[in-house]
Amino acid sequence: MRATGTLQVLCFLLSLARGSEMGNSQAVCPGTLNGLSVTGDADNQYQTLYKLYEKCEVVMGNLEIVLTGHNADLSFLQWIREVTGYVLVAMNEFSVLPLPNLRVVRGTQVYDGKFAIFVMLNYNTNSSHALRQLKFTQLTEILSGGVYIEKNDKLCHMDTIDWRDIVRVRGAEIVVKNNGANCPPCHEVCKGRCWGPGPDDCQILTKTICAPQCNGRCFGPNPNQCCHDECAGGCSGPQDTDCFACRRFNDSGACVPRCPEPLVYNKLTFQLEPNPHTKYQYGGVCVASCPHNFVVDQTFCVRACPPDKMEVDKHGLKMCEPCGGLCPKACEGTGSGSRYQTVDSSNIDGFVNCTKILGNLDFLITGLNVDPWHKIPALDPEKLNVFRTVREITGYLNIQSWPPHMHNFSVFSNLTTIGGRSLYNRGFSLLIMKNLNVTSLGFRSLKEISAGRVYISANQQLCYHHSLNWTRLLRGPSEERLDIKYDRPLGECLAEGKVCDPLCSSGGCWGPGPGQCLSCRNYSREGVCVTHCNFLQGEPREFVHEAQCFSCHPECLPMEGTSTCNGSGSDACARCAHFRDGPHCVNSCPHGILGAKGPIYKYPDAQNECRPCHENCTQGCNGPELQDCLGQAEVLMSKPHLVIAVTVGLAVILMILGGSFLYWRGRRIQNKRAMRRYLERGESIEPLDPSEKANKVLARIFKETELRKLKVLGSGVFGTVHKGIWIPEGESIKIPVCIKVIEDKSGRQSFQAVTDHMLAVGSLDHAHIVRLLGLCPGSSLQLVTQYLPLGSLLDHVKQHRETLGPQLLLNWGVQIAKGMYYLEEHSMVHRDLALRNVMLKSPSQVQVADFGVADLLPPDDKQLLHSEAKTPIKWMALESIHFGKYTHQSDVWSYGVTVWELMTFGAEPYAGLRLAEIPDLLEKGERLAQPQICTIDVYMVMVKCWMIDENIRPTFKELANEFTRMARDPPRYLVIKRASGPGTPPAAEPSVLTTKELQEAELEPELDLDLDLEAEEEGLATSLGSALSLPTGTLTRPRGSQSLLSPSSGYMPMNQSSLGEACLDSAVLGGREQFSRPISLHPIPRGRPASESSEGHVTGSEAELQEKVSVCRSRSRSRSPRPRGDSAYHSQRHSLLTPVTPLSPPGLEEEDGNGYVMPDTHLRGASSSREGTLSSVGLSSVLGTEEEDEDEEYEYMNRKRRGSPPRPPRPGSLEELGYEYMDVGSDLSASLGSTQSCPLHPMAIVPSAGTTPDEDYEYMNRRRGAGGAGGDYAAMGACPAAEQGYEEMRAFQGPGHHAPHVRYARLKTLRSLEATDSAFDNPDYWHSRLFPKANAQRT
């Protein structure tokens, strides 16, 4: 039985050891400090206990269980392992207190001043309910305090407990009496020591059974079974990590006497330096950082800083630091916006210890004297000294009354700044007036008056202020900021000797004496001017810095005849007063100071230099040898061999650990530097071959062994993208990269050789392209780029569409254009530009990826088939789809689709269409629909990217220009409407950039772009003159039922044939032309103000609506006319940059739903032939006029004059439908009637004086006045003249010249052409132009 009991105890101890190892993460809960006081009945007390201690392991405080009923279930207390204060159990009726895991009661707080456990009166005199058992089966340690258990009538076995084995303090009081009498005996395995009658209730002895060699607790009776000195409550082994609980602190499972200090002694620098492994004391645990609601005070986690310290944020750590005087305190001032109008006796106490006044300070007569109206007594003048702590006033200082016995304002002697954020009356920040007894100002520390004026007046005794150089105090211009008058005359002040001290400089002074100088002539000491510093004599010795005298360090020895120090530190002394430790003078040599490897001990030699003791000295020494150690000489001499062996072993271990640590840290630093060197382009990588040094290509050629693929990120038409790591040869670092594997699908070619194109791709380096780190040739080509964890821009806009704003979208458009322009400069065609191939380097910076990949493939692999699922047909230009022709202008087409994706937040282009249908739709003029957020300005930029003729598409340089211009005013071009409500998150919109920031950040210097758009607008306004006039009507909103087409497929027709059918006949009613409601191609959102369209903020539906109104006449005129010559209209005319194309005579062309003119090749009469070339989609131009003073009506894309004759009725059939010229107010002469038979010739464009020949774009509706021959657009006639090929045609009809007999040519729509005419391989298609060319040659 005895052996069985011993085995059970050992098993129990092992289970405790495992629990201690797993218990590093403890549930901590607060204790209470109520004593015997309770609130409510027994049920209420039980609920309070349950809320406090459910699943609690460590009670930070006291565990108080008082007045709990007999039916209370206290099983939730079983998890408590430690109580830092005391345990109080009183006046309860439950039978068992279940604390089976309680091991340690620390007793940091004791009950009644001396007891850590207090158990009393736990029974009910009127019933049999009482406490019968304390189940403290694992309690083995009470670190402080005694035990009191008395008057518990039914409580048993308390007298069997050996409390001396539990209580650590020898003299602690233990009172156990008057408890249960008729108790069952302990179980026989417990040997008379138990907490209850069962075999599991035995007391665990950890001190009285120990061998004499043990200083504390033990885990067995043998001498080698002693616990570590820092253990509490027992242990499972001799190490400090084997403790059941820690006596002082638990540092990551090890019991230590103190947590790692924040400062350690460095033997090399002889200084205390920050310890990188410091930890802080949080209760009984060492933590690397305090909880978020605690602050660090030295090495402790505290709830609040002590009064003489202030809380500061240092490197993200909240710490308590000494204030160095008075701790900062901000107080509310007086005056406007404050609760008080003046300083008075009712609020003077609120300024105690204030260092900063938030607002103003007013001293009025109602505040210093009795205020009978508000019943405020007079102010005690002595209380004005509370303002001696004030250093800053953010508002103004107004002193209009002052106590008679105070002759200056010395209570503000520490005031340094008057902010002037709020000013008094006429802009005064310092106002002093009508103080009859004041002789000097006394603002000896005032250095700055940030804003406002100075007013000093009617102070009859005031002197000294005449000498002040106010320009040193006033920030900014000081002219007219001083108003000083009606004070004591300067002559009287000089006669009485009220002048500045001779030690003051020419800057003047605030009053008499050397302490009132604005600046000193020689030196100053603590604000007082002096003739010299104590360099060679006087106490203390001083040194000078910026004309100020500072004391030497106290450990410096005063020298005679020479300087004592040259700085304030202990290392700046010429000689030391006591001892020198390295370069520093110290009061004593280090004795037990904690170093990186343990305590440091030193001794002073004959020259008072501190020398290190022998490494085996643990209590100091008198010399360098082992026998010079203090306190251990006899022990060490008695066991010399053992000491040497232990010393050598420890030294070797320390050397190994230290070397391992240094090696690990060095490798870590080396890896960081290597990664920076490999990833940053700034450091050129040395080529493998010296012959390559002349080649500036920075592409690295990888080996197969350097790259490891981790997972597949995606696949495309050119290959598969993997996430991987790059391990440079000879390095141990792992750099995350993206690896794109390109394989020859035919299997006939490998990528063993490194071509010039591969090196050219690797040499590209720009902020808005994904940089190629290198490539790995082989059977498949592997392109390695830096891994961008944010992913593609396509996924980003889909996920964050609710938070993206117009500024960010336009900025991204600029950056993509800049990246593509850089590729264009380096002759690199992308071929696969799409939003999925634009990566996010940061939320505000994008980079173009996957450029130049197609050129790495063999010719067979470059043939893209329509049937291939991954072929990017929807992003390709027509010439690329049909002929495999890839140029920078085909990339422009893809850029337009990419911008469309961006503006639709990642919508799929041509959704719902098969790939084989897309080329036919594009040939017919169909294009993607206008995104809802885009105004017509942005959409027209996209449309120009999708022109059939690649030569008239904009370049990336021009696209960067255009988007940069729009990025200056994002809400003008992108209108994003989101539902507002309490749950709607605000959009994370970046701030709008200024013009200078856009010039520096968005456009590179090499673009050489003209960013002075304001000057262009002014020039445009000047050239327009009075041509812009008020419209006679505005657009009306169509009803939803009027919509003809809702583009569900994500595209819109460029040539809407039904537009002509929707146009109704016009009639002249009452001399005024009436317009009907136009029919829209898209549903228009309701609730949108019509005025937005005139400000440049229109949706796609509204833009089409506005354009078609200029074609279709209606029967009603708008009620609210609005000028069209506003800023949005001019902005649109600037943004719609059109290619220079020939013009057609009036009556031969008609705009489609997007404002594009679709002329036929041949003019058609009654029997004209339709055979000929197709006309490509183009933009209409507007002819000039000589009559500038007439009223015209403008629309975005067209203009229409009031009073034009009615049109002939429209034909009913589509075949009979003709195109009608939009400017119907032409001067129709007799020659115009014959224009139907005249061939058309291209217009000659005469550049104006303000333009350059290489200007690629002109504005859409730019009006010219008389003398338009020298303008941007040349006038054109109906028929060519013999001498010049054309004659001038008047664009506007003169008064009284009507030609109602003129017939308009009927042209067939593009949609109705035969398949042979629209086939893409038809050469006529590619030789077509926006306007027919008479001398075009067929090829």
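Heads up, the Cβ atoms here are built off N, Cα and C, so glycines get one too.
Sequence-distant neighbours of Asn126 (N-linked glycosylation site) (same chain, 6+ apart, CB under 8 A from its CB) do not exist here. Summarising the annotation, Swiss-Prot assigns N-linked glycosylation site to Asn126 (among others) and lists sequence analysis as the type of evidence.
Sequence annotations record features per position, and here Swiss-Prot assigns disulfide bond to Cys186-Cys194 (among others). The Cβ neighbour count for Cys186 (disulfide bond), using a 10 Å radius over every protein chain in view, is 22.
According to Swiss-Prot, the disulfide bond annotation covers Cys214-Cys226 (among others). According to its DSSP assignment, Cys214 (disulfide bond) is coil.
Sequence-distant neighbours of Cys227 (disulfide bond) (same chain, six or more apart, CB under 8 Å from its CB) are Thr206, Cys214, Gly216, Arg217, Cys218, Phe219, Gly234, Cys235, Pro238, Asp242, Cys243, listed in sequence order. Look at Cys227 (disulfide bond): DSSP puts it in coil. The disulfide bond annotation in Swiss-Prot covers Cys227-Cys235 (among others).
As annotated by Swiss-Prot, disulfide bond applies to Cys231-Cys243 (among others), with the evidence given as similarity to another entry.
Cβ neighbour count for Asn250 (N-linked glycosylation site): 25 (other Cβ atoms within 10 Å of its Cβ, all protein chains included). Marked as N-linked glycosylation site by Swiss-Prot: Asn250 (among others).
The annotation disulfide bond is assigned in Swiss-Prot to Cys259-Cys286 (among others). In the three-state DSSP assignment, the secondary structure recorded for Cys259 (disulfide bond) is coil.
Packing around Cys290 (disulfide bond) is summarised by its Cβ count: 21 other Cβ atoms lie within 10 angstroms of its Cβ, all protein chains included. Residues or ranges marked as disulfide bond by Swiss-Prot on the basis of similarity to another entry: Cys290-Cys301 (among others).
The feature disulfide bond is assigned by Swiss-Prot to Cys323-Cys327 (among others). In three-state terms derived from DSSP, Cys323 (disulfide bond) belongs to neither a helical nor a strand segment and is classed as coil. Annotation for Cys323 (disulfide bond): same-chain Cβ neighbours under 8 Å, separated by at least 6 residues, are Asp308, Lys309, Met310.
The N-linked glycosylation site annotation in Swiss-Prot covers Asn353 (among others). When Cβ atoms from all protein chains are considered, those within 10 Å of Asn353 (N-linked glycosylation site) total 12, not counting its own.
Look at Swiss-Prot and you will find Asn408 (among others) tagged as N-linked glycosylation site. Long-range neighbours of Asn408 (N-linked glycosylation site) (same chain, six or more residues apart, CB within less than 8 Å of its CB): Val438, Thr439, Ser440, Leu441, Gly442, Gly511.
When other Cβ atoms within 10 Å of the Cβ of Asn414 (N-linked glycosylation site) are tallied across all protein chains shown, the result is 19. Residues annotated as N-linked glycosylation site in Swiss-Prot: Asn414 (among others).
According to Swiss-Prot, the N-linked glycosylation site annotation covers Asn437 (among others), on the basis of sequence analysis. Sequence-distant neighbours of Asn437 (N-linked glycosylation site): residues of the same chain at least 6 apart with a C-beta under 8 Å from its C-beta are Trp402, Pro404, His405, Met406, His407, Gln461.
The N-linked glycosylation site annotation in Swiss-Prot covers Asn469 (among others), and the record cites sequence analysis as its basis. DSSP assigns Asn469 (N-linked glycosylation site) to coil in the three-state reduction, placing it in neither a helix nor a strand.
Within 10 Å of the C-beta atom of Cys504 (disulfide bond) sit 22 other C-beta atoms, taking all shown protein chains into account. When secondary structure is read from DSSP and collapsed to three states, Cys504 (disulfide bond) falls in the strand class. Taken from Swiss-Prot, the feature disulfide bond applies to Cys504-Cys517 (among others).
For Cys529 (disulfide bond), the same-chain residues lying six or more positions away in sequence with a CB closer than 8 A to its CB are Asp501, Leu503, Cys504, Pro514, Gly515, Cys517, Cys520, Arg521, Asn522, Tyr523. The disulfide bond annotation in Swiss-Prot covers Cys520-Cys529 (among others).
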Distant-in-sequence Cβ neighbours of Cys585 (disulfide bond), under 8 Å, six or more positions away: His553, Glu555, Cys556, Ser570, Asp571, Cys573, Cys576, Ala577, His578, Phe579
Listed disulfide-bonded residues (Cys235, Cys259, Cys327), ranked by Cβ neighbours within 10 Å, top entry: Cys235
When distances run from the Cα of Cys290 (disulfide bond) to each of the recorded positions Cys186, Asn250, Asn353, Asn469, Cys613, the nearest one: Asn250
Taken over the domain 'Protein kinase' (707-964), the model's mean pLDDT: 86
From recorded positions Cys194, Cys286, Cys301, Asn353, Asn566, the one whose Cα lies nearest Asn616 (N-linked glycosylation site): Cys286
Cβ-Cβ neighbours of Cys226 (disulfide bond) (radius 10 Å): 20
Long-range Cβ environment of Asn566 (N-linked glycosylation site), under 8 Å and at least 6 residues apart: Phe543, Ala572, Ala574
Secondary structure at Cys613 (disulfide bond), reduced by DSSP to three states: coil
Candidates Cys226, Cys286, Cys613, namely the disulfide-bonded residues, that fall within 10 Å of Asn250 (N-linked glycosylation site) by Cα distance: Cys286
Least buried by Cβ count (within 10 Å) of the disulfide-bonded residues Cys194, Cys231, Cys573, Cys576, Cys621: Cys576
Cα proximity to Cys194 (disulfide bond), best match among recorded positions Cys231, Cys301, Asn414: Cys231
